[in-house]
Amino acid sequence: MSGSKAESEEKAGSKQCPLVQVNEYKENEHIAYTSLRPIQITTLRKTAKVYLYPFSLSNSKLGLLKLSKSPVVNNSSKSVVHKKKDRKKTRRKVLTSKMKALSSKADSLLLKSSVDAYTESTRLGPKRTSDSATLSVDAESSDEDSAPGLDDFSGLSPYERKRLRNIRENANFFASLQLAESAARLRGMIKKRESPESKRKRPKKKENEIGCRRSMRLLKVDPLGVSLPASPTQPTLVEEEENPLLPPGPLEMIPENQDDSSELLKASLKTWAEMSQTSNEKTKKGLSSIKSYKANLSGMVISEATVRKVTKGAISSVALHPSEVRTLVAAGAKSGQIGLWDLTQQSEDAMYVFYAHSRYVSCLSFSPTNPAHLLSLSYDGTLRCGDFSSAVFEEVYRNEGNSPSSFDFLNDSSSLLVGHWDGHLSLVDRRTPGTSYEKFFNSSLEKIRTVHVHPLSRQYFVTAGLRDVHVYDARFLKSRGSQPLISLTEHSKSIASAYFSPVTGNRVVTTCADCKLRVFDSSSISSQLPLLSTIRHNTVTGRWLTRFQAVWDPKQEDCFIVGSMDHPRRVEVFHESGKNVHSLWGECLVSVCSLSAVHPTRYILAGGNSSGKLHVFMHQET
């Protein structure tokens with residue numbers, strides 16, 4: 001029996017886990033090692049025995065280690081379990097108020113000691129590697145060892161004492177690193193770099209350097225280098241107006257371009273006054289064919305003798321005297337001048353310039369009943385009649401508040417219809433004494449550029465506004481709220497002019513800034529005027545040129561004439577259907593003729609440009 005027990009015990013002993021023995025480890029102190037940080041030497045002086053036991057983590061919340069219920073391991077692990085229970089009980093103790101106070105006091109004392117140690121280490125300098133801290137496994141594992149400075153805290157738990165000891169050791173370790181001294185040493189090694197400043201070198205002055213040439217006139221020095229005396233200061237003069245307003249009332253016909261020409265002027269005026277009114281026999285016979293009309297246009301030429309500068313500024317209106325004997329052309333300028341040129345006389349004295357107005361002369365026309373009367377309208381608010389028989393410019397109408405823009409004759413040459421820039425209309429009777437209007441009407445247009453009366457039905461007239469063309473009946477005009485009979489709204493931009501055909505009035509031609517010429521059928525004035533044709537034509541004259549205005553030819557009522565921007569410079573003739581009939585051009589025509597006037601019976605055309613020159617196309621005399 002005893003032998004069997006011994007065998008069983010041996011078997012049980014053989015099943016126990018083998019013991020693992022860890023040999024003692026020591027660092028080799030003979031190895032040469034250079035480091036910036038002090039070497040920390042750790043010496044293990046005890047032999048640690050590690051027992052491996054199977055365990056399971058079943059309660060992660062409490063962190064308890066549950067050993068397996070193996071009968072072989074049960075006896076050997078009792079001592080380990082009792083020790084763990086004792087440690088847990090110690091950690092779970094609640095600190096009293098006195099112990100908490102002691103703990104806070106210990107923390108402050110340790111922190112103070114660590115700061116003092118760090119300061120002392122900085123003062124003394126670097127220590128040798130032999131003075132490094134030595135840690136042992138026994139000191140770390142033992143919770144009961146006493147440390148200097150902790151005698152007053154005997155009431156603390158081993159855990160608190162160990163925590164305070166670790167704080168002190170960490171403070172001593174960081175003090176041994178001497179970080180402050182290393183930082184100061186590095187600052188001394190770093191040299192401050194000076195900011196690079198780009199210093200510009202001043203150019204060296206040359207002793208014999210030649211200076212720039214300067215105007216001796218501006219320096220007020222004569223060629224010999226002698227300074228000139230200072231010029232006396234002149235008093236500033238107030239600049240007078242270029243064209244001052246003329247006094248109201250009649251003005252004498254005194255030419256501005258001739259000094260002593262009273263006898264010549266009287267002779268010319270007498271000749272113009274004796275001009276008989278042209279007969280309308282050719283017009284009454286009817287219109288010629290397009291073929292013959294085109295042939296007559298081909299015979300019209302321009303020469304140096306038919307080109308003359310008659311005004312100071314740009315020409316703003318042109319009129320041809322209806323005489324069949326003499327060729328007399330009148331031109332109004334933007335400066336207010338009126339030029340008269342008699343092409344029948346070949347001398348230089350055949351041209352006269354008069355100052356009848358002080359501003360832009362927008363409309364000029366000879367009286368249909370008395371060709372010796374030349375009527376002119378200006379932006380200065382006056383309408384005057386130049387009487388060649390009396391050599392006087394009589395004042396017919398004055399309205400400086402509402403600047404007039406255009407006029408036309410009504411039933412006879414004594415009654416005038418005047419359009420204003422603000423959209424009003426005035427009825428003026430030349431037979432009434434005074435310079436005021438008879439009636440004053442308000443149209444439906446914001447502005448009125450041109451006014452033209454129907455040649456047969458004199459009660460109708462057409463007006464060109466900003467973007468619309470209106471046809472009115474003079475019998476139904478009111479002082480306020482006058483409504484047109486017909487409104488032509490096909491235009492998309494500003495309108496320059498609108499005119500009835502001169503014989504029958506069956507057509508209306510308009511000139512618009514949208515580069516289109518439009519012809520309307522006005523044979524039956526009803527609620528609407530049908531659009532017959534639209535002609536593409538460049539009407540963009542710009543700022544410095546007078547705007548184009550298409551005018552009918554009384555000799556051929558279905559054709560009209562307009563200036564052109566094309567090269568070579570020309571004046572174009574169009575049929576009402578839109579077909580180009582003929583173009584008048586020549587070597588002497590080198591500028592744009594914006595405005596044109598046509599003789600009612602003779603093949604004569606006069607065009608004016610923006611430099612004050614008249615260009616006349618006519619048949620050559622054989």
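We count from 1, first residue shown onward.
Every residue, even glycine, has its Cβ placed from backbone N, Cα and C.
Swiss-Prot lists 80-94 with the feature compositional bias 'Basic residues'.
Taken from Swiss-Prot, the feature region 'Disordered' covers 75-94 (among others).
Taken from Swiss-Prot, the feature region 'Disordered' covers 120-155 (among others).
Residues or ranges marked as region 'Disordered' by Swiss-Prot: 189-209 (among others).
If you look up Swiss-Prot, you'll see 356-398 marked as repeat 'WD 2'. When Cβ-Cβ distances below 8 Å are used as the criterion, the repeat 'WD 2' (356-398) is approached by residues 243-246, 248-253, 265-266, 269, 272-273, 275, 277-278, 316-323, 330-334, 336-338, 404-409, 412-413, 416, 418, 426, 428, 430, 435-437 of the same chain, each at least six residues removed from its ends.
The feature repeat 'WD 5' is assigned by Swiss-Prot to 490-530. Same-chain residues lying 6+ beyond the ends of the repeat 'WD 5' (490-530) with a Cβ under 8 Å from its Cβ atoms: 283, 449-450, 452-457, 460, 462-469, 471, 536-540, 547-552, 554, 557-558, 560, 562, 574, 576, 578, 600.
Per-residue confidence over the repeat 'WD 6' (540-584) averages out at a pLDDT of 93. Annotated repeat 'WD 6' per Swiss-Prot: 540-584, in sequence order.
Helix, strand and coil content of the repeat 'WD 7' (587-622), in residues and according to DSSP, is 0 helix, 16 strand, 20 coil. Residues annotated as repeat 'WD 7' in Swiss-Prot: 587-622.
Remote same-chain partners of the repeat 'WD 7' (587-622), defined as residues 6 or more beyond its termini with a Cβ less than 8 Å from a stretch Cβ, comprise 278-280, 282-283, 296-297, 299-304, 306-320, 322, 324, 327, 329, 331, 333, 339, 341, 343, 502, 541, 544-549, 551-555, 561-565, 568-571.
Note on the repeat 'WD 6' (540-584): residues 282-283, 287-288, 290, 293-294, 297-298, 300, 302, 314-316, 450, 496-497, 499-504, 506-507, 509-511, 513, 515, 517, 519, 532-534, 590-598, 600-601, 603, 605, 607-608, 610, 617 of its chain, located 6 or more positions outside it, place their CB under 8 angstroms from a CB of the stretch. Across the repeat 'WD 6' (540-584), the DSSP tally of helix, strand and coil residues reads 0 helix, 21 strand, 24 coil. Each residue of the repeat 'WD 5' (490-530) gets a DSSP state, and the totals for helix, strand and coil are 0 helix, 18 strand, 23 coil.
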